[in-house]
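Here the structure is laid out as structure tokens; the discussion comes afterwards.
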Number of protein chains: 2
Amino acid sequence: MQTLLLNRADVVENARMADVIRAVEDAFAAYERGNAQMPAKSYIDLPEYNGDFRSMPAYLNAGDWDAAGVKWVNVHTDNVEKHDLPTVMGTIIYSDPETAFPLAVMDGTTVTRLRTGAAAAVATDHLAVEDATSLGIVGAGVQSYSQLEAIASIRPIETVVVSDLDDERVQAFVDRFGDAFDVRSGSIEEAAACDVLSTVTPVESPIVRREWLGDHTHVNAMGADAEGKHEHDDRTLLDATLVIDDYAQTTHSGEINVPWSEGTLTDEDIHGSIGEIVVGDREGRTAETGISLFDSTGLAIQDIATAHVVYAHANDNDNGDPFDLIDTRVR
Amino acid sequence: MQTLLLNRADVVENARMADVIRAVEDAFAAYERGNAQMPAKSYIDLPEYNGDFRSMPAYLNAGDWDAAGVKWVNVHTDNVEKHDLPTVMGTIIYSDPETAFPLAVMDGTTVTRLRTGAAAAVATDHLAVEDATSLGIVGAGVQSYSQLEAIASIRPIETVVVSDLDDERVQAFVDRFGDAFDVRSGSIEEAAACDVLSTVTPVESPIVRREWLGDHTHVNAMGADAEGKHEHDDRTLLDATLVIDDYAQTTHSGEINVPWSEGTLTDEDIHGSIGEIVVGDREGRTAETGISLFDSTGLAIQDIATAHVVYAHANDNDNGDPFDLIDTRVR
């Protein structure tokens, strides 16, 4: 038996965004219904290298398919400067739940990017106005691309306002998407006035003011992924229909972690989880909803759901490189 | 940058047993000195498939080298009968601790076999009589081969007595090693009388009686890896110089778990950990030692130490298949 090796190009080729969004939505539903297993991330901290490793195993049963695997991912802050390598890299082992055979090993960096975009799209689908045509993006780094790709696949986005302190990054973003959308560089204030706003920065003090948001803006707060990180005004979090991906992760390291720890924001301010909305236990946007905000920290089930889409499509199309990796002899 | 793919043959080719034993010994020492990180195994239980997955991340710093990685491994009890696949399969991602780049992906099934043999060899080296020439093996399954290979590399083994209910497995073992050793089929009683005894069975009631052991037999109790498993008489455990690999794992799922849970065996009956012996904080065998027993459950640091040896040697010798797996572009 052979394990399929899937590099960046293979992942991109086989991760049809519409399928990834549906799979991630299914994963949120499975998690909500108790049909997923996601042990807490295990951390290995290496202060001597200014980095850490995280092991993220998961299983989910979406009804007509199930999937298992592990993502091994890191955050090494000095990588760019010292080693010309990304801060974050990931590798995924995707396994058959029934036999545990490793069906694929794939580029987890690319999967992470895609599943993060897909999570924003699921939230946007349930929480943004139906006719959202404008998208603001704050932070033009690696995650911004999949925000636009994913969100544009569920809303009729025409105008994109991208904001970043680094002009080169803004220009690269405009170059990439200028043909398909009306993309322009703008201030955070201009980005925040759009129908949908995705923030993908690592800042530790809020940079988006409450009053800059449109009356019905839906915000995807994707940036905060560690204690102390915080992109938005507390007033935004308190005023918004506030939706989280996971209670434990968001209160510990998501957008809400700072005001929640300080007691400024309490459990009563949380409208519900994205899983509750997906399965219909909580309402998404209604005629009465003003601003809404999705606090996304990223769940291992999103990675495994995305890996499922990539593997299934690659396998069907004979993509990737099959390799005899594992000894499967029975003795 | 490329990730080295190492299949069964590559792992076997590059895992020189003497180097693996030294690396595993270094790993036990690093763990004892607090120079290792080994978060608890994360389990995903899949009763619908009669199986489970385990994620085993680890880092260790042995002084002149360090290593990080994760083993993703399973136990699927129906695999042999239903799918003609092994009950246990493993995949290892081996990473550079400094940058987190995945240096290699390798066959973890083969690494598990080797590192388990190496652990028995480390214990045997510290606990068996110096001139041990006879080795008994109970259970002629997949783990028995590396027991002989590893132990024979640190003691002058000449005679091997192998005991198993399955004659075909015994014959396969004899065929494999008959040229190099005086190997014969025997009863458990005969195996137990040897200078060194390795038990590698999954039994849940003891099959090796105290009185069958030689006066100075060193026992490697390798089989128990789950609650309720138990290969040896309680009297053996109480009489022996009892050495464990890890307190939490052995009291939960090692050879001692049953009598320890029942209170028949207490912490006072444990001589020490293999790490304490390796670093010299506890004595190994002395002139006064009678029987000794090593309770091995298997630690993630053993896997990563073995992966380190395999990768370093393969890389030096241009073995394995380099593959562009991970997106390393910096944006």
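Cβ coordinates are placed from backbone N, Cα and C, and glycine is handled just like the others.
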Since TrEMBL lists B:Arg115, B:Val142, B:Gln143, B:Gly223, B:Ala224, B:Asp225, B:Lys229 for NAD(+), which candidate among B:Ser292, B:Ser296 does it give for that site as well?
B:Ser296
Pop the Cα-Cα gap between B:Lys71 (active site, proton donor/acceptor) and B:Ser296 (NAD(+) binding site) into the table, whole Å please.
18
Which of B:Val142, B:Gln143, B:Gly223 (binding-site residues) reach within a Cβ distance of under 8 Å of chain A?
B:Val142
Ranked by the number of other Cβ atoms within 10 Å of their own Cβ, which of the binding-site residues B:Val142, B:Ala224 ranks first?
B:Ala224
Spatial neighbours of B:Asp225 (NAD(+) binding site) that are distant in sequence (at least 6 apart) but have CB under 8 A:
B:Pro202, B:Ser253, B:Gly254, B:Thr297, B:Gly298
Between B:Ala224 (NAD(+) binding site) and B:Lys71 (active site, proton donor/acceptor), how far is it from one CA atom to the other, in Å?
20
Comparing the binding-site residues B:Gln143, B:Ser296, which residue's C-beta has the most other C-beta atoms within 10 angstroms in this structure?
B:Ser296
